[in-house]
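Below is one structure, written out as structure tokens, with a few remarks after it.
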Amino acid sequence: MGIFGDEKHENHNGQEKVHASPDGDVDIGLVSENADLLQRRLGNRQIQLIAIGGSIGTALFVSIGYGLERGGPGSLFVAYTIQSCFLGMINNGMAEVGTLHPVSGGFVRMAGHFVDDAFGFMAGWNFFFYEALLIPFEITALNLVLSYWSDNIPVAAVCAACIVTYAALNFLAVKAYGEAEFWLSGGKVILIFMLFSFTFVTMVGGNPQGDAYGFRNWEDGAFAEYRTTGLLGRFEGFLAALWSAAFTVVGPEYIAMVAAEAKRPRIYIKNAFKTVYWRFGIFFILGSLCVGIVVSHENQTLVAIVGGALPSGTAAASPYVIAMKELGVNGLPHLVNALLCTSIYSAGNTYTYCATRTLYGLALEGRAPKVLTKCTKSGVPYLCFAIVICFPFLSFLQVSSSSAIVLTWLVNLITAGGIIDYIVMGVTYICFYHACKAQGVDRKTFPYTGWLQPWCAYLGTAWMTMIVFCFGYASFAPWSTDGFFSNYTMLLIAPVTFTFWKVLKKTKFVKPLEADLVWERPVVDAYEESFLSPPIGFWAEMGQLVGIGRNKFKDRRQSSVVSTNAR
């Protein structure tokens, strides 16, 4: 690797042009941040908060009430714990391959590269529709939460405002998007810890009523009956809580998608994947425990909300807001509802970004029209964005239909799509692992090595497969056509898209001995080696925001190219 940093300039695609050395050892060349037109502009703090922004959304604060009402606090806590553990197994494998190959399109392109091009086609379009449908879901949920203050807020105006602002934020350079998401996601972190503090203080008696209620709500039946009675009813209650967890507990997919636009991906992306386990424990497991503490699953307001018996204004309240109102806590419900709004808005913003990059990744591999690979000078795939921004218009369905009905349909469609994504990640890692083994590659030399592999990948994939086939079982008895198609549409589409591409392109499964384990690594390696300064830690970057260590941690780069005429 030749180092020659005196004469260079950076073009609009994030590439540095290096002039030939006087002795001819280094040819004129370019040092690219990527093998495509995306630019690496996201810093450590932005990556960490974007990952949080994608994983914490409406479900953790609002939709979790459905799992609580049907399963009870015990089932909810156990279900969220189990789901977090199995998704952690999927994350374990994704961290290894995602850190080694931080490519545009994330796990979608990896699926086609290490498994089968048809598998990548199926995975890409599944993830694209999953992310794109999440955008109107979040806008619909935002209208629900806003109606807590008034039923007279015009639904159409809220939908239009979200679409316009999402368009503005995502059409700017990725650094601008990352900065906006950093501050929006920061509000989520404040909100979740505020709710945890509220739970602890009120349960020990710090509330207007002076009632130290502790775990009283668990005494109403920690494992509630649902659909039937007795042991079977409690098991079905647990399943209802598990389906809630399957929709709520997310994370690794968003880190994989930002990897291609992250500075120092071998370090910052690795750190982001490693903190996923902490996020699972703090946000999802502890969050499910707190919800079951503050509100009884038999609470009449909660029951009415889940059953659809209350108007949208009342349904806007999350379980936490219900608890605050019943305890007589004034003021705080309004603050929580305001932060809920920013949280929901932030999630929709992240989904817009991920859907755009997914479509771009499909176009790079020829699984979508090549014209979609065109980018602006700041690295935004503008044609992909133009298609994605059409999906939020589905939120206008609320104008003529109940928000709760729209929300239910979107949740059912999206849940299966999300679980399919995790199955894709698991299968991709298994194929990657066996390719490494067949080619004699030592995985310990990678920037990150997953633990207990491939058993984690096998267990995680088997669990997710069971979830995706069983979570709509209630539509079979009694038979419900609407329920069946809302729960299984994405699952039915997956084999159709796979078969279509396999027949059309006559693709073949990638054999372990033939898998390309190098891929775009040389480009990333050259980019990583071009840095003079050490990587900046999360808290160091946070300090820079207020002027601490700003001069110490300059993001300096030097050019590097592969020597082609070395003597």
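Backbone N, Cα and C atoms are what each Cβ position is placed from, and that goes for glycine too.
The shown structure was predicted, so the numbers you read here are calculated from the model rather than taken from an experiment.
Features as listed in TrEMBL:
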| type | residues | note |
| --- | --- | --- |
| COMPBIAS | 1-22 | compositional bias 'Basic and acidic residues' |
| REGION | 1-25 | region 'Disordered' |
| DOMAIN | 47-510 | domain 'Amino acid permease/ SLC12A' |
| TRANSMEM | 49-68 | transmembrane segment |
| TRANSMEM | 74-90 | transmembrane segment |
| TRANSMEM | 127-149 | transmembrane segment |
| TRANSMEM | 155-177 | transmembrane segment |
| TRANSMEM | 189-206 | transmembrane segment |
| TRANSMEM | 237-255 | transmembrane segment |
| TRANSMEM | 276-295 | transmembrane segment |
| TRANSMEM | 301-322 | transmembrane segment |
| TRANSMEM | 379-397 | transmembrane segment |
| TRANSMEM | 409-435 | transmembrane segment |
| TRANSMEM | 455-479 | transmembrane segment |
| TRANSMEM | 485-504 | transmembrane segment |
Result, the transmembrane segment (409-435) in contact with the transmembrane segment (276-295) (3+ CB pairs under 8 Å): no
Non-local residues, at least 6 beyond the ends, that sit with Cβ under 8 Å of the transmembrane segment (409-435): 63, 87, 90, 93-94, 96-97, 107-108, 110-111, 114-115, 119, 122-123, 126-127, 129-130, 133-134, 136-137, 140, 243, 246-247, 250, 252-253, 256, 441, 443, 450, 453-454, 457-458, 460-461, 464-465, 467-468, 471-472, 483, 486-491, 494, 510, 512-513, 515, 517
Confidence summary for the domain 'Amino acid permease/ SLC12A' (47-510), mean pLDDT rounded: 85
